Structure formats: structure tokens, C-alpha cells
Amino acid sequence: MTVCAKKHVHLTRDAAEQLLADIDRRLDQLLPVEGERDVVGAAMREGALAPGKRIRPMLLLLTARDLGCAVSHDGLLDLACAVEMVHAASLILDDMPCMDDAKLRRGRPTIHSHYGEHVAILAAVALLSKAFGVIADADGLTPLAKNRAVSELSNAIGMQGLVQGQFKDLSEGDKPRSAEAILMTNHFKTSTLFCASMQMASIVANASSEARDCLHRFSLDLGQAFQLLDDLTDGMTDTGKDSNQDAGKSTLVNLLGPRAVEERLRQHLQLASEHLSAACQHGHATQHFIQAWFDKKLAAVS
């Protein structure tokens with residue numbers, strides 16, 4: 001059931017911290033209770049609960065509110081947690097030796113480094129499975145809303161989403177590529193899960209087709225901005241993950257240079273802001289959150 005929510009014009013720091021705490025609390029409740037011999041469960045919890053930005057679930061919650069949605073809190077929160085589980089699973093797999101071969105993630109050893117490759121793979125599969133189960137069991141959502149949410153998330157994971165993006169990155173990333181080819185890889189790797197998050201928010205809010213279209217465009221530009229920021233910070237040592245992972249890869253930073261990439265990033269953010277404003281008529285909390293986050297990150301790059 002959806003009802004009209006009060007207008008959330010801005011997002012205070014306390015409100016953002018409370019939302020983040022709510023996400024972590026619900027994730028903790030939804031994930032398996034850690035047992036002494038349940039190594040896969042422990043790896044699932046480590047992958048999903050390690051301190052992180054929780055950008056995707058935060059955006060889902062904030063966008064739903066800015067669309068005028070007030071739902072059963074746990075129901076909307078469960079959708080947000082499902083998205084975070086998918087994101088965590090993708091990071092576990094991306095970090096594997098056969099892929100990016102990363103040793104550090106969120107300031108901690110990667111899951112395969114800590115638990116072994118076999119446990120890491122199983123934990124990622126279990127997180128993906130759990131995500132869909134969480135949507136199916138979410139309170140306060142109609143069966144149709146759940147079905148549509150499952151469809152959005154499954155599309156974001158598969159060959160039109162994360163899988164395709166990772167494959168393109170692995171198979172083409174070390175070869176010369178055009179800017180257009182790099183942008184397409186970035187779209188699959190990053191934009192698609194943002195798009196699923198936004199569309200899930202619009203489903204719960206029963207948003208208009210026009211608003212959904214604006215949110216789709218917002219997601220495309222936001223995903224590109226995030227990936228460009230990731231490329232710009234690749235050489236930094238305080239990101240919580242391995243530095244110089246893009247050495248020898250065809251990225252826009254290597255192709256165009258940092259200054260041109262930062263300008264492109266700001267252009268994507270401006271377009272994203274315009275699309276978001278057109279979609280959300282009940283508040284600007286999402287806008288405030290995105291702007292504050294990127295301002296902080298770009299200040300460290302400049």
C-alpha cells in the first residue's frame with residue numbers, strides 16, 4: 001500500500017545517518033546468523049555488512065520518498081537491502097583472482113582472500129539467492145509490485161547488466177577501445193544496478209511513466225559519473241580497495257586525461273540532476289544526498 005508522504009525537501013546529516021543505520025540493522029536481521037561452522041554464512045555477512053557507502057539502498061529509499069511514497073517501512077527497506085545484497089555479491093565476484101584479482105575491499109581483505117575462493121563463490125551465489133527471497137517476503141507490497149521488482153533486479157544482474165559489464169571489462173579492458181565502447185562497458189557495470197534501484201522505488205511509489213523515464217535517464221548519467229569517479233581515484237591509496245587496478249586498462253582517464261574526465265563527470269552530474277528534478281515532485285532529499293556525496297569526493301580528487 002502506498003500513501004502520500006510528507007515533503008522531504010532536504011536531507012539532514014542526522015537523517016542520512018539514521019537511514020544508513022536502518023539499512024545496516026535490517027541487513028543484519030536478514031542475513032544468516034553467524035555460526036561457528038557456517039563459513040559460507042560468515043562470508044555472506046562479511047561481504048554485505050562490511051562498512052560501505054550503501055549508495056544504492058540509500059538512493060532507493062530517498063527516491064521513493066521524493067516520489068511521494070510512504071510505505072510499510074520494513075517493506076521498502078527490504079527492497080533496499082536486496083539491492084545491497086546484489087551489489088555485495090557482485091563485488092565478491094569482481095575481486096576473484098580470475099577476474100580483478102583484488103586483495104582489499106572496503107578496507108578489509110577481500111572475501112576470497114579471507115575465506116578461500118570456493119567459499120567466496122558460494123557466498124556470492126547465496127547472496128543473490130537471498131536477495132530475491134527478501135523481495136518475495138517483503139511486507140506491505142502487492143504481488144505485482146514484487147514481481148516487477150524481481151524483474152528489474154534480475155535484468156540488472158544478467159546479460160543486460162552486471163554480467164555483461166564484467167565480461168566486457170575482462171575481455172576488452174586491456175585492449176585499445178573508443179570512448180563509446182568504454183561508456184557502454186561503464187553502463188553495464190554501473191548504471192544498470194542504479195536503474196534497477198530507481199525503478200524499484202518508482203514501482204513502490206506507483207510513479208507515472210514519465211517519472212520512470214526520467215529516473216531511467218538519471219540512472220544512466222549517475223552510473224557514468226560514478227564510474228568516472230572510480231577511474232579518477234584509481235591511483236589513490238585511501239579508497240579502501242587496491243590502488244592502480246586500472247593500470248594498463250583502457251579507461252577514459254587513460255584515453256582523455258584526468259581533467260577532461262572530471263569535466264565529463266560534472267556534465268553527467270548536471271544531466272542527472274535535471275532528470276531527477278523532473279521525476280521527483282515531493283522533495284529533494286535524493287538530490288541533496290548525491291550532490292553532497294560527489295562534492296566531498298571531487299574535493300579529494302582536485
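From the backbone N, Cα and C atoms, a Cβ is placed for every residue, glycine too.
Annotated features, as they stand in Swiss-Prot:
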| type | residues | note |
| --- | --- | --- |
| BINDING | Lys53, Arg56, His87, Arg106 | isopentenyl diphosphate binding site |
| BINDING | Asp94, Asp100 | Mg(2+) 1 binding site |
| BINDING | Asp94, Asp100 | Mg(2+) 2 binding site |
| BINDING | Arg105, Lys189, Thr190, Gln227 | (2E,6E)-farnesyl diphosphate binding site |
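Surrounding the centroid of the Cβ atoms of Lys53, Arg56, His87, Arg106, where the record places isopentenyl diphosphate, the chain contributes additional residues within 8 Å, namely Gly52, Arg54, Ile55, Glu84, Ala88, Leu91. Within 10 Å (C-alpha to C-alpha) of His87 (isopentenyl diphosphate binding site) lies none of the binding-site residues Asp100, Arg105, Lys189, Gln227. Note on Lys53 (isopentenyl diphosphate binding site): other Cβ atoms within 10 Å of its Cβ, all shown chains, come to 13. According to its DSSP assignment, Arg105 ((2E,6E)-farnesyl diphosphate binding site) is in a strand. Residues Arg105, Lys189, Thr190, Gln227, recorded as binding (2E,6E)-farnesyl diphosphate, reach a greatest CA to CA spacing of 17 Å. Ranked by Cα separation from Arg56 (isopentenyl diphosphate binding site), the binding-site residues Asp100, Arg105, Gln227 are led by Gln227. Across the residues the record lists as binding isopentenyl diphosphate (Lys53, Arg56, His87, Arg106), the two Cα atoms farthest apart are 16 Å from each other. The binding-site residues listed here (Lys53, Asp100, Arg106) include no residue with a Cα within 10 A of the Cα of Gln227 ((2E,6E)-farnesyl diphosphate binding site). The separation of Asp94 (Mg(2+) 1 binding site) from Arg105 ((2E,6E)-farnesyl diphosphate binding site), Cα to Cα, is 11 Å. Listed binding-site residues: Arg56, His87. The one with the lowest count of other Cβ atoms within 10 Å of its Cβ is Arg56.
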